[in-house]
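Peer 1: Can you read through this structure? Questions will come right after.
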Amino acid sequence: MGKLLAVALVGIAAALAAERLLAFRSRLNASREVAPVSLPNCRLIKGIETGSEDIDILPNGLAFISSGLKYPGLKSFAPDKPGEIFLMDLNEDNPRAVELRISRGFDLASFNPHGISTYIDRDDTVYLFVVNHPHQKSTVELFKFVEDDNSLVHLKTIRHDLLTSVNDIVAMGPDSFYATNDHYFSDFLLMFLEMFLGLTWSNVVYYSPKEVKEVAAGFYSANGINISPDRKYIYIADVLDHNVHVMEKHANWSLTHVKTLQLDTLVDNLSIDPHTGDIWIGCHPNGMKLFHYDPENLPASEVLRIQSILSEQPVVTRVYADNGSVLQGSSVASTHQGKLLIGTVFHRTLFCHL
C-alpha cells in the first residue's frame, strides 16, 4: 500500500510539474514567431550599445534614456560596466545620444538603472526618477536635471520595505510616485519559482514622504506604468499576462480597476503621446528567447500603438516588428512630433521618422 501511495504521489507531482511547465511556456509565448513590420526611415543610435531599457521624453523634445541594466536571468553585453543615463534632443535633424554627467557623491560603480520617469515642477525644475538596482537591491534615485551642462544632481535615495523588486515608476510630484514591483521575491531563484508556479503576487505601490501603501495587486508581473494626459487614469502592463490594465486614480492615491486590454505579446514599458493619449508599448514577442539568449535564435522586437483604450473598441496597431537582426529585445517605444525612439533591455536604440 505504501509503495502504491508513493507512486501515486510521484505521478501527481509529475503531472503538476508538466502542467506548470506548459503554462509557463504559454506565458512566455515560447512558440511565437513575429512577422516583420518595417519602418522606412530608421537608424541605430551611435553610443548606446548596452541597452536603453526605458525612455521618457519631455514636452520640449529632450529624451532621457536609461542604459546598462543588469537584471537576473537576462543577457548583458557589458556586465561589469556601470549603468548610464543618456540625453537626446529630438528637435535636431540627426539627434545623437549624450551621456549625462552625474554629480559627485553618487555611487556610480553600482549604478544599475531600470525604469525612469520625469516630473516638471511649477518653477520648471525637471526631476528625474530612476529605478536603481545596486547589488541587485531596489532603490529609487531622485535627480535634478541641469540642462546648461547636461548633468544630473543627485538629491536623494529612496528605500522602503514595500519597494522590494521595483521595475518601473511614474512620477506624481517632486517626491512622490507610483511604482511596480515585478516580483514578490528579490532572490533570483525565488523569482524564477514565482514565475514558474504562476503566482500573482506582483503589485503596485504609491510612495510619498508622508504615505506609502499598496494600491493594486494580483499581477503575474507588473511591469511598465504610466498616466493618461488628463492624469485621471493609471496604465499598468502585466508582462506575463500579456495585457494592459486601466486603473482610475482617486484623490487619496488609491486605484480602482476600470478595464483590461488583452494582447498577444509580452508588454513591457508604456509611453503616452501627450497630445493624442495613444499608448506606445515596447514588447517581447517571445519571452523564452529573451530569457534564454541564443545568438543563433535572437530575441525579437515589437512595437504596438493603442488608440482609444477607454473606448469599447480600442485600436491596436503593430507599428514595428523585427526578428532580432536589427533590434533585440525591445522594451520601450516613445514618440515626439513624428519621431520614434525604440529602446531595448540590453541591445541598441532605434530612431525612426514616422
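Positions of Cβ are set from backbone N, Cα and C atoms, glycine also.
Pulled from TrEMBL, these are the listed features:
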- His114: active site, proton acceptor (ACT_SITE)
- Glu53, Ile116, Asn167, Asp168, Asn223, Asp268, Asn269: Ca(2+) 1 binding site (BINDING)
- Asp54: Ca(2+) 2 binding site (BINDING)
- Cys42-Cys352: disulfide bond (DISULFID)
- Asn269: N-linked glycosylation site (CARBOHYD)
- Asn323: N-linked glycosylation site (CARBOHYD)
- 1-17: signal peptide (SIGNAL)
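I would like each feature placed in context: is it buried or exposed, what are its neighbours, and how far apart are things?
Peer 2: Neighbour count (other Cβ atoms within 10 Å of the Cβ, all protein chains): 25 for His114 (active site, proton acceptor).
In this view, Asn269 (Ca(2+) 1 binding site) is surrounded by 30 other Cβ atoms within 10 Å of its Cβ, with every protein chain counted.
Cβ neighbours of Asp54 (Ca(2+) 2 binding site) (same chain, under 8 Å, six or more residues apart in sequence): Ile65, Ser66, Pro113, His114, Gly115, Ile116, Asp168, Asn269, Ser331, Val332, Gly343.
Within the same chain, the residues at least 6 positions away from Cys352 (disulfide bond) whose Cβ sits under 8 Å from its Cβ are Leu39, Asn41, Cys42, Arg43, Tyr320, Lys339, Leu340, Leu341, Ile342, listed in sequence order.
Less than 8 angstroms from the CB of Asn323 (N-linked glycosylation site) sit Glu33, Val34, Pro36, Leu298, Ala300, each of them six or more residues away in the same chain.
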Peer 1: Do you know which of the recorded positions Cys42, Ile116 has the most other C-beta atoms within 10 angstroms of its C-beta?
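Peer 2: Neighbour-count leader: Ile116.
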